[in-house]
């Protein structure tokens, strides 16, 4: 009997081990079995859809004999990839922005599980006589998003850039109201519009990242912004940083009363609809907003308008945060060299044109905005930097996670608390205090 | 077949189930306990053993405590309200010979076959501060001066709004279970009680309730455990845990810590607490609801 039980236990142990272990035989390059090399690309099926990825994959296969590109593009790509990565089935390229739902990229950065791509920047763009680094618009590979460890190396490759700022119904500023130049003008407009419509709304608190980063550049300049993004406690305690919190506190007083109820994953488009229905004047967003709401009903004569943030003072600077997405090669990618070739190809004129034609997304390469057709309404949005607005880029540096302290996600301490400021459950001082306390904890963890 | 052979035969028959149970239940549970002892992001092999430190942090984590309070609140309120209404409706439909009993049975059961996603969307629409059913109705009564109730935006009432959706979803299912139990109670017991002059209320408490007590007891434990899981889905869809964490429950907080905050080990320590809490709660409920079984 004892022997039988021992055999049974041994069997179950073997079964468990086999069922739960990684496939150790799969340590080499991905191979389809018939000699074809397989380049596995996994990414988000987001606002730009997937047609451009499919077209580019096809072009890449044509130019690389014996290579098959296998695409996995899902709306919930984080949830799809997480168990696969845990099981050792790691894609060669992942396209998923920092801060995206599920925070897979953020986790991989924190776990130092991404390869540096400095050699990609030094590669020639396929079919062109120019290096990748010279093709990219200046500044895109010089941010805490692309270089999260501040070690002088680039880890994440920038993709699909778009200015962010305030969207509005241009019709409201055609004689009815005057476009505010400064934040003081903005609040005055809030008083003026009272009874007619609310001054402000936001889709979810997650949209305050771009908004807050641009605002922090306005109140404290790029130097303070960079220090703040590097968890410098004194920078967060400074009067300039506090000013950014106070401006959001002032805006909270003029925020549409239904905003907080609708500021979640299920109902955020109702807040976007407030702009289309002339129930609110401004909403922070990126250039994908008009596309996202293209089928929604709207007020008579509605016309999208877009601006950078108002200035802190008349002689101050107006900023628009440049949102861009990223792709990267995980440490455990099996076809890293091929992945690097694909990355370089993504910055070719041919790929950029395909991307724009199929999705409307614009690559951060020199001359990409010239590809935009004159009748593309997005051209207006991309022109804000030509009209005097300064570009803000980057985000928080990589830091070790601190248990229980979520500072940066959409529902975290820095942005999620804005709901409480709007409802009056928390004061700006309390919010600022909580942020400083969280930054202190993360800063301490970073130094240890 | 001698005794020894019989035992072997039983073990042989049980072994596939035992193996599956070990692989898919015991091993993952053990893994969660193990992972809760590490500081780990969840993706790399870079793990740091921290012992019980994750649990120490949990005890001081105000957001976890709030999510725990919200979960307990939902368990208590949703369970009590759902079971009381379900038993009441079941008693009325079975014992009062209401016309169209089967129709009501089906109507009440419908929410249970709808997915939580659909129910959450329905309730999001009902709670809508602009065109939502409740606010529209209230504005009709109150006229122009009516100020919309922010069911999902007011931190003081958002958890009640979630509870409302959960109750609506569950009532029909439990009502049907209790109806089945009540239908099998012999009518003679009620006829005798009628002759003795017992009121309907007295009949309910002295006959109906004791005779379906085992059904209630079993469903109570089942419902409490399922409430913990369901609350996560409702919260994730309807409020994302907001505003500012006011509707966070401990499974949604676990999810956020494990994934959004790259603290997988910490998230697993919340999982361990959920496991122990569910286990203890089931035990307590089992103990306090234990009565002698009545036969009929």
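Each Cβ is built from the backbone N, Cα and C atoms, and glycine gets one as well.
Within the listed segments B:133-156, B:157-180, TrEMBL records transmembrane segment for the stretch B:157-180. Segment annotation: TrEMBL labels transmembrane segment over residues B:72-94 (candidates B:72-94, B:187-209). In this chain, the transmembrane segment (B:220-243) touches the transmembrane segment (B:106-127); three or more CB pairs sit within less than 8 A of each other, excluding pairs fewer than 6 residues apart. Cβ atoms under 8 Å from those of the transmembrane segment (B:72-94) belong to residues 101, 104-105, 108, 159-160, 162-163, 166-167, 170-172, 174-179, 181-183, 204, 208-209, 212, 216, 219-220, 223-224, 227-228, 231, 249, 281 of the same chain, restricted to positions at least 6 beyond its ends.
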